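What TrEMBL records for this protein:
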{"type": "ACT_SITE", "residues": "Tyr148", "note": "active site, proton acceptor"}
{"type": "ACT_SITE", "residues": "Tyr158", "note": "active site, proton acceptor"}
{"type": "BINDING", "residues": "Gly14, Ser20, Ile21, Asp67, Val68, Ile95, Lys165, Ile194, Arg195, Thr196, Leu197, Ser198", "note": "NAD(+) binding site"}
{"type": "BINDING", "residues": "Ala98", "note": "substrate binding site"}
Amino acid sequence: MLMNLEGKTFVIMGVANKRSIAWGAARALDQLGAKLVFTILNERFRRELDKLLGELEGNHDIIVECDVTNDEQVEASFKEIGEKTGGIDGVLHAIAFAGKDELQGGYSETTREGFKNALDISAYSLAVVSKHAKTIMNEGGSIVTMTYLGGERAMPNYNVMGVAKAALESSVRYLALDLGESGIRVNAVSAGPIRTLSSSAVGDFKSILKEIEERAPLKRNVDQLEVGNTVAFLLSGFSSGITGEVLHVDSGYHIMA
Ligand SMILES: CCCCCCc1ccc(Oc2ccc(Oc3cccc(O)n3)cc2)c(O)c1
């Protein structure tokens, strides 16, 4: 029998539109019967999400505004979610940002402000989200975040986002260590390149898609639903023995020289 997530509630942070990886995860989790709660950055994204929710089987009607650079908002949003759900079983953190100027050209040109902003939103936010999610997490809870190979190896143009992803992946290990005794697991999915609102901000993105098709073991790119299935696996009890891990869903590209 397939993973059954009926009776489970997950918070999905970071749906921008139908191309978002977070939306792929929402579709996968919805198909498995989970109850979903969404957080969005602001009202503009609420309208996008309202249009999409009709495509899902379940009635996912809790949408909370949460700007992860605002500590009070993170605390308030998880308090509100706890009150409205009675407790959650997991969180997908699919949030990152770096200035367009920092995502092309040389990394040595990165500004102090650009570095701080990228690390704040793309890496520190996982720690503050985990701190507040823990207070409403049911036994056996699971936190998943999204990363990319550019956090492990130097890839042209990815620049400060790669440094942020390195910090994010190390944060996954330290959060796994800290929250393990509370029965909460923390993992990352390292997805291959996928065309989303965000990928358009990374210089020379298109050539990477072509490189994967030509050289990756599976000779094809991955898609949002495929990545979403692995997110569902890590949020479910089927991954109960896995924590502090980075699972690559990238057609095998990362194994190559
Ligand atoms: C050279 C690497 C090419 C493959 C990049 C794959 C990828 C695509 C999208 C990723 O997510 C991002 C990328 C940039 C980003 O910053 C943005 C997004 C929109 C506008 C903007 O000004 N910055 C936020 C998330 C990401 O972390 C990784």
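Each position is counted from 1, following the chain as shown.
Here the Cβ of each residue, glycine as well, is placed from N, Cα and C on the backbone.
TrEMBL does not curate its annotations; it predicts them automatically.
This view paints the features noted in TrEMBL onto the structure.
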{"residue": "Gly14", "record": "NAD(+) binding site", "contacts (Cβ under 8 Å, 6+ apart)": "Ser20, Ile21, Ala22, Thr39, Leu92, His93, Ala94, Ile95, Met146"}
{"residue": "Val68", "record": "NAD(+) binding site", "contacts (Cβ under 8 Å, 6+ apart)": "Met13, Val74, Ile95, Ile121, Ser125, Val128, Val129"}
{"residue": "Ala98", "record": "substrate binding site", "contacts (Cβ under 8 Å, 6+ apart)": "Gly114, Asn117, Ala118, Ser122, Asn159, Val160, Met161, Ala164, Ala201"}
{"residue": "Tyr148", "record": "active site, proton acceptor", "contacts (Cβ under 8 Å, 6+ apart)": "Tyr158, Met161, Gly162, Lys165, Ser190, Ala191, Pro193"}
{"residue": "Arg195", "record": "NAD(+) binding site", "contacts (Cβ under 8 Å, 6+ apart)": "Arg19, Phe205, Leu209"}
{"residue": "Leu197", "record": "NAD(+) binding site", "contacts (Cβ under 8 Å, 6+ apart)": "Ala16, Asn17, Arg19, Ser20"}
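Ligand 1 lies within reach of Ala98, Tyr148 from the recorded positions Gly14, Ala98, Tyr148, Arg195, judged by a C-beta closer than 6 angstroms to any of its atoms.
Under DSSP, Lys165 (NAD(+) binding site) is assigned to a helix (H, G or I) in the three-state scheme. Largest CA to CA distance in the NAD(+) binding set (Gly14, Ser20, Ile21, Asp67, Val68, Ile95, Lys165, Ile194, Arg195, Thr196, Leu197, Ser198): 24 Å, whole number.
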